[in-house]
Amino acid sequence: MSFSGEMANGKTDVANSGFSSSPEDMSGAEEGKENSSGIEVEASDVSLSLTGDETGTTQAESRDTCSETSGEDKDSDSMDDTGHYSINDENRGNDQSHSEDEEEEEEEEEDEEEEEAVRHRKRAQRKRANRDQDSSDEERALEDWVLSEKTPLPRPRWRALRALRQRQMGSSTRFIYDACGARGFVQRFRLLHGLDGHSGCVNTLHFNQRGTWLASGSDDLKVVVWDWVRRKPVLEFESGHKSNVFQAKFLPNSGDSTLAMCARDGQVRVAELSATHCCKNTKRVAQHKGASHKLALERDSPCTFLSAGEDAVVFTIDLRQDRPASRLVVTKEKEKKVGLYTIYVNPANTYQFAVGGRDQFVRIYDQRKINENVNNGVLKKFCPHHLVTSEAKANITCLVYSHDGSELLASYNDEDIYLFNSSHSDGAEYIKRYKGHRNNATVKGVNFYGPRSEFVVSGSDCGHIFLWEKSSCQIVQFMDGDKGGVVNCLEPHPHLPVLATSGLDYDVKIWLPTAKEPTELNGLKEVIKKNKRERDEDSLHHTDLFDNHMLWFLMHHLRQRGQRRRRRDAGLGAGDADSDDSPSSSDSSDDDEDGPDRVQCIPS
């Protein structure tokens with residue numbers, strides 16, 4: 001019995017050793033499971049061998065069943081009375097496996113979401129990079145285009161303090177002359193005031209020789225002579241024209257008593273002004289078969305001037321003759337007439353004059369050598385070489401000689417402004433190029449500014465006024481010049497640092513260098529970029545003249561036409577003093593004068 005009891009106790013100890021172990025002996029749930037199973041088998045074998053019956057097996061199975069049941073009810077990590085951990089190894093393994101699968105799935109989903117987010121970020125970064133690259137490329141291309149053919153600004157030649165000191169000491173007799181051409185003055189231009197008196201777009205401006213009066217002509221068919229300092233009209237009168245007045249100029253050395261005019265109706269008229277500030281009469285002295293945009297004065301002659309028209313004809317007009325107008329030349333290119341928009345007499349040689357119009361060539365004629373059977377009478381022609389064979393049709397809207405006749409400036413429609421040396425041989429390339437503005441919507445003017453033609457000034461379709469330093473081609477001034485959107489006409493004062501401008505607005509603007517600080521050219525880069533982009537788009541798509549902008553012009557002018565008709569019906573047209581009986585126009589027809597009004601920029 002004692003042996004049996006010991007054996008029984010031994011079985012119990014062995015069994016207990018199979019179901020519990022100290023924490024030091026536990027290395028993990030799986031290891032405990034394997035050890036437990038092995039010990040149970042050994043204890044069962046020992047019990048069978050010692051007792052010789054099946055009692056040990058039954059007891060072992062009973063203990064195993066009880067252990068499994070109690071393991072389901074107890075927490076696998078709970079601690080029993082002996083201080084050991086009791087763990088249900090199989091359930092823990094299943095739970096761990098299921099939990100691991102869920103965690104893996106969650107991790108995979110998170111990884112996929114993270115990868116998708118990364119891909120999205122990369123795509124967005126690539127798009128931003130592409131946009132930035134495109135923008136950067138555009139910026140670089142614009143910078144390269146603007147900076148090409150430019151040179152750094154030279155040091156100013158005129159020093160204000162030194163000039164003032166010399167003037168006080170009496171050693172400088174040309175203070176104003178030098179100051180007018182100073183960059184520091186140009187960079188301080190600011191609007192002084194406007195001159196209000198027209199009811200239509202102002203197309204022409206011209207100072208008299210002394211610079212005291214300013215003449216303006218408009219779509220309202222009126223000409224106003226201003227005392228621009230006092231902001232008052234000296235006189236105003238009906239021009240006698242039947243359509244838009246394009247030019248009105250004081251004839252030099254006439255005592256401001258003679259004003260020459262031309263207009264869209266093709267007429268060239270002369271107004272005689274009295275000392276009592278009234279218009280005696282206006283008379284027609286020539287008639288073009290198309291619109292006449294410009295007149296060219298001889299520097300010292302009060303009686304002679306030239307006119308050019310869209311009919312390709314250049315008239316020379318001598319007011320001393322019974323028949324004032326005589327045809328000087330018909331501009332042709334390979335037997336095809338070239339309509340003219342602009343004409344200018346060389347101030348250093350009044351026999352020579354230059355014309356430009358509906359092709360890309362600047363033509364210079366000499367009145368003493370015109371033989372239309374030889375080179376169509378042309379002395380020489382200039383054109384930027386890249387425009388000679390260009391498919392895009394380039395027109396010259398305006399050209400002017402420099403103060404001494406050595407240079408010739410030409411503004412091209414939807415192109416740039418080019419400077420030529422007038423003494424160069426036939427077909428010579430340009431010497432300077434001025435960029436940034438846009439010349440598309442109207443017959444845009446261009447001019448030199450300064451007593452030595454130190455600067456180039458032009459209007460733009462963006463409504464701004466651009467001033468370039470001639471020598472460096474750098475923009476030194478940039479002003480908002482027209483609320484209507486287009487600046488057409490720019491007239492420098494003959495003696496003072498004053499600039500008069502006009503455009504689609506119904507007023508004349510006077511600019512003086514009164515700003516305290518030089519301009520900072522704010523917004524210039526964006527305006528240049530916009531002008532260049534619009535120009536490139538138009539050149540690609542070859543847009544028609546009648547786009548939205550031009551349709552607005554057309555409607556505007558049609559409204560003005562109705563107003564003029566009503567005014568004429570009310571007896572407010574040209575008075576009895578107007579005379580149209582000039583014999584010089586006997587070979588011309590007026591049949592087209594009553595046709596529908598056209599916008600200034602649209603070819604007739």
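Even glycines carry a Cβ here, placed using N, Cα and C.
What Swiss-Prot lists as region 'Disordered' is 1-141 (among others).
Taken from Swiss-Prot, the feature motif 'Nuclear export signal' covers 39-50.
Per Swiss-Prot, compositional bias 'Basic residues' is recorded for 119-129.
Residues or ranges marked as repeat 'WD 1' in Swiss-Prot: 197-236. Below 8 angstroms of C-beta separation, residues 242-250, 252-253, 256, 259, 261, 271, 273, 277-279, 484, 488-491, 493-496, 498, 500-508, 510, 557, 560, 563-564, 600 of the same chain, each at least six residues beyond the ends of the repeat 'WD 1' (197-236), sit close to that stretch.
Feature annotation from Swiss-Prot assigns repeat 'WD 3' to 287-327.
For the repeat 'WD 4' (335-375), the list of distant contacts is 290, 293-299, 301, 306-314, 316, 328-329, 381-384, 387-388, 390, 393-401, 403-406, 408, 410, 412, 420, 422, 443, 603-604: same-chain residues at least six beyond its ends, Cβ to Cβ under 8 Å. The repeat 'WD 4' annotation in Swiss-Prot covers 335-375.
Model confidence over the repeat 'WD 5' (391-430) stands at 94, taken as the mean pLDDT rounded to a whole number. As annotated by Swiss-Prot, repeat 'WD 5' applies to 391-430.
If you look up Swiss-Prot, you'll see 438-478 marked as repeat 'WD 6'. Within the chain, the repeat 'WD 6' (438-478) has long-range Cβ neighbours (under 8 A, six or more residues past its boundaries) at 149-154, 177-178, 180-181, 183, 186-187, 189, 293, 341, 397-400, 402-404, 407, 409-415, 417, 419, 432, 484-492, 499, 501, 503, 511, 519, 521, 523-524, 527, 530-531, 534-535, 538, 549-550, 553, 599-601.
If you look up Swiss-Prot, you'll see 564-604 (among others) marked as region 'Disordered'.
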Helix, strand and coil residues within the repeat 'WD 4' (335-375) as assigned by DSSP: 1 helix, 19 strand, 21 coil
